[in-house]
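Annotated in TrEMBL:
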BINDING   H172, H234, H305, H483  Fe cation binding site
Amino acid sequence: MQYDYGKNKDEHPEPIKAEVKGLIPEWLQGTLIRNGPGLFSLGETRYNHWFDGMALLHSFTIKKGEVTYRSKYLRGDTYNSNMQANRIVVSEMGTMAYPDPCKNIFSKVITFLSHTIPDFTDNCANNIIKYGNDYHATSETNYIRKIDPITLETEDKVDYLKYLPANIVASHSHYDSEGNSYSMGTCIAEKGKTKYMLFKVPGGSRADGSPPLKSAEVVCTVPCRSLLTPSYYHSFGMTDNYFVFIEQPLKLDIIKMATAYLRRVSWASCMKFHPEDSTLIHLIDRKTKKEVGIKFYTDAMAVYHQVNAFEDDGHVVFDVICYDDNSLYDMFYLDKLKEQMGADTVYCKPKCKRFVLPLSDMGETGEVLCDGVELPRINYNFNGKKYRYSYMCCVDISPVATKIVKFDAETKQQIEWSGGDCFASEPVFIPRPDAVDEDDGVVLTSIINAKPAQGGFLLVLDGKSFKEVARACIDVDFHMDMHGYFIPDSS
């Protein structure tokens, strides 16, 4: 059983009513929006890497026990330019675009100059971030795109650089109880310094209707260990009193990236894992806006997703999904994905590790809580607090998940859900209103049906028992997505 990662998917912009089997809880009202690549070839050109595909948004709106589905390609500048040319004309991380050989020399010179000082793609195919009252599709460049969460229409193009010196911004943000958002970006070689910055975007709308990022404020900065090779990162941790940032030995070579087009290589080839280097865990005091005096070092590892962080008895506990190297990115080149189920495939299985950072002494631990899991989500009401349960994709054999798991960090017990010939996406936990228990709620995940001519479905699991309570079946060939965001019905 294999998923065809390189298959172009159709969009379904008009709402489709799902066939609900089972009973969706009456209290569950809202919209789950998910984001991921869905278009991989245009004309005679094709993307090299799955992450590069054109962003396809899809949503499940739940109301009074019924579910409606729709999907729509993100109409960014990248999408529109590619469609107009019927070829890939905007470069992505793993795919460098070159001018049409039929174009004149003037067009080729313009293309060359635009890559010497690159203007990155606005193909935001990774996640959904909320700033103020606005929702945005996002990747990891300086561009995000505002979207209408109901119709999935593409709205304003937002450039971080108009508000902050952030050339790269992480795909994952954090939110506090007041609705403020916290994000992390990298400022490259500004005034001879490269630094990481944490910034806050206030919740709510601005009185003048301007973008929420206009009110962004830098909370703190952390100097990069090297001027021209900043670490790659995808997420960070936050507790009531601290931010936790992992400066890992997976690094971007800025000089090589600047010359990549000339050398006819992708930007991704300029990202290298350095196993000889240590991993530095930064702990930043949210009150003083400065790093604590203690430095925490551990062995080389590659990290994409954090599970949670919390404070406990004079320590900061930080749970992450980590790898021994960066082979995971290489596995998602489309040519390699066709071979990934072969006998010769080497898979670097992830581990869920717990790091305990003492606030008054040196040291750290790297206890393995479980392995073979990815795309972790928790009850976000427990973000930054001592927690027990996480919900993850089971990737024990390959990075393609056929099961999802509920993990108990206290007892180390796991409960799995498997649907047979199915592929599972990131599970999202929705707490029951006024719930007391941490796992009182439901888990939502979109399921791709691997059986021929059978559509996918939205799966609803009970948060406590992890048993299926309902599924909403849609006669649509779902795409494999990355991350999602649940918007409760405000009414």
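A Cβ is built for glycine as well, from the same backbone N, Cα and C atoms used for every other residue.
Other than H172, H234, H305, H483, the residues of this chain whose Cβ falls within 8 Å of the Cβ centroid of the Fe cation site are, in sequence order, N126, N127, A170, S171, S235, Y304, Q306. In the structure as shown, the Cβ atom of H483 (Fe cation binding site) sits within 10 Å of 22 other Cβ atoms. Taking the Cβ of H234 (Fe cation binding site) as centre and 10 Å as the limit, one finds 18 other Cβ atoms among all the protein chains shown. Cβ contacts within 10 Å of H172 (Fe cation binding site), excluding its own Cβ and spanning all protein chains shown: 19.
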